[in-house]
Amino acid sequence: MVSLLATLHRHADEVSCCAFSPSLLATSSGDKTIRVYDTDDFSELPYSPLSGHGYGVHCCCFSACGAHLLSCSTDGSVVVWSSGTGEVTATLEHPGRSPLRVCALAPDSSLLLAGACDGTVALWDFCSRTLRSCSTASEASVVACCFSPCSQMFVSGCTHGDIKLWDTDMKLLHAQKDAHDLGVTCLSFARTFNVDGCCVEFRLASCGQDSRVKVWSLPQHDGSVCALKLLHTLTSQSAPVLSCAFSSDGELVVSGSVDKSVAIYDASQGTLLYTLTQHNRYVTTVALSPIMPWVATGSMDRSVKVWRIGDVASSPERKLPGYSRRLFSDWSEEDVQAWLRQEGLQDLVGTFTNNNIDGAELSRLNKDTAAELGIESVGLRCRLMRKIEALKAEESGSGPPDEFLCPITREMMKDPVIAADGYSYERDSIESWLRGKNRSSPMTNLPLQTTILTPNRSLKMAMSRWKSSQ
């Protein structure tokens, strides 16, 4: 089940890009602005819109911790904004002032990358804001780029259709010629990856003017990268595919197309799960929330739509790949209504809708307040209360979600921090690991470029809410 959460009509021109942080949604447009919304209610922040570019904005993205928002434009610049205040903290210009089509920040926030229309890729040290290199990556425009989860490599895609893999010194590691006929349009690494001894396997999604989405495997043995291996070619869309992205756990791939549709696939099986057709013009961008089952889609119709992905309707026992069940106290009104139907309580949907009952209100409901809602049938009230008690028992009987556990100790974290590999650890555990002269990631065995640890405040808040509900 996919439900529409919000439709945003704020831009005066086509929407070019959407990006999520743990708490914000950013959208960019040909109208030269970036708009920023609070994901609690999708209200626009007081400092929005952001106006710092002289021409249309092609791309926007957040840093992993959400503190920085970046945007690039035809004006040849990358602007770095503070997500908290909306202030410009840096403006980085392409050495040749070539129009920039895409920008990306490494997961560990060490490097900033931008692809240009003159076929070059500019690479900056993000901490010092200094240019490290500006090298030719293609004879054609570079329109797509993305860092690997380990921040040690990146891919670039051009309008000639080639995909190239580089290390951070701009050494070419692999070239996939003619990956997409007529040109690549977007590239996206999955944040998760498989580790088997000395082998690490990354997943990459690409899309292009050939109306295809492709899912690739990128194995790395003992630090040496092998060639891209094609896993799936996804063909449900009938026109050029302009954008693709993985879910936070890599189990879903979502794409937007010139045929005005959004396709949602099972990334492991290569099967189509849903097709959304509510946009009136080309779908230019898709983005997935790092912490919620949400997809944002932007279009040439100037709108941004935010969708919630729920359970797979064909299998009541199976959750849609990519998302686990949230605490029911965090459910929206739509979630509560869907739950009532699933539990055979559809007669109560109208009453709950009229009284705006969301998950928080549902968790506080008792027989007396149920009667006050106008549920006159004693039997129906008792059935409702039994279902609610079953939900509470299910949650209280389960352990903490896996993302709350430190990968090193497998214990619930108290002070989570983000390391250079993009993973969150308990501060004491990762600091102890680093004091033991381990400069490699506990998860990937790859070298850590820096030992700087960033507090993961959004995860800490989520753990606090979970504890309060127990």
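Using the three backbone atoms N, Cα and C, a Cβ is placed for every residue, glycine included.
All annotation found in TrEMBL is predicted automatically rather than curated by experts.
Across the repeat 'WD' (8-47), mean pLDDT in this model comes to 94. Per TrEMBL, repeat 'WD' is recorded for 8-47 (among others).
Feature annotation from TrEMBL assigns repeat 'WD' to 50-91 (among others). Using a Cβ-Cβ cut-off under 8 Å and counting only residues 6 or more beyond its ends in the same chain, the repeat 'WD' (50-91) has close neighbours at 13, 16-24, 26-36, 97-105, 107-109, 112, 114, 116, 124, 129, 418, 422, 454-458.
Outside the repeat 'WD' (104-125), and at least 6 residues removed from its termini, the chain residues within Cβ reach (under 8 Å) are 61-65, 68, 70, 72, 76, 78, 92, 94-96, 98, 131-147, 149-151, 154, 156, 158, 166, 168, 170, 191, 419-422, 448-450, 454. Sequence annotations record features per position, and here TrEMBL assigns repeat 'WD' to 104-125 (among others).
Taken from TrEMBL, the feature repeat 'WD' applies to 135-167 (among others). Residues 101-108, 110-111, 113-121, 123, 173-193, 200, 202, 204, 206, 208-210, 218, 225, 228, 420-422, 441, 444, 446-447, 449 of the same chain sit 6 or more residues outside the repeat 'WD' (135-167) yet have a Cβ under 8 Å from a Cβ within it.
Sequence-distant contacts of the repeat 'WD' (234-275) (same chain, at least 6 residues past either end, Cβ-Cβ under 8 Å): 2, 182, 185-193, 203, 205-215, 281-291, 295, 297-299, 307, 309, 312, 320-323. Sequence annotations record features per position, and here TrEMBL assigns repeat 'WD' to 234-275 (among others).
What TrEMBL records for 276-309 (among others) is repeat 'WD'. Same-chain residues lying 6+ beyond the ends of the repeat 'WD' (276-309) with a Cβ under 8 Å from its Cβ atoms: 1-22, 25, 27, 29, 39, 42, 191, 242-248, 252, 254-258, 260-264, 320, 322-323, 326, 332, 334-335, 458, 462.
TrEMBL lists 331-394 with the feature domain 'SAM'.
Taken from TrEMBL, the feature domain 'U-box' applies to 399-470.
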Per-state residue totals over the domain 'SAM' (331-394) - DSSP helix, strand, coil: 47 helix, 0 strand, 17 coil
Secondary structure content of the repeat 'WD' (8-47), with strand meaning DSSP E or B: 0 helix, 21 strand, 19 coil
Number of helical, extended and coil residues in the domain 'U-box' (399-470), per DSSP: 25 helix, 12 strand, 35 coil
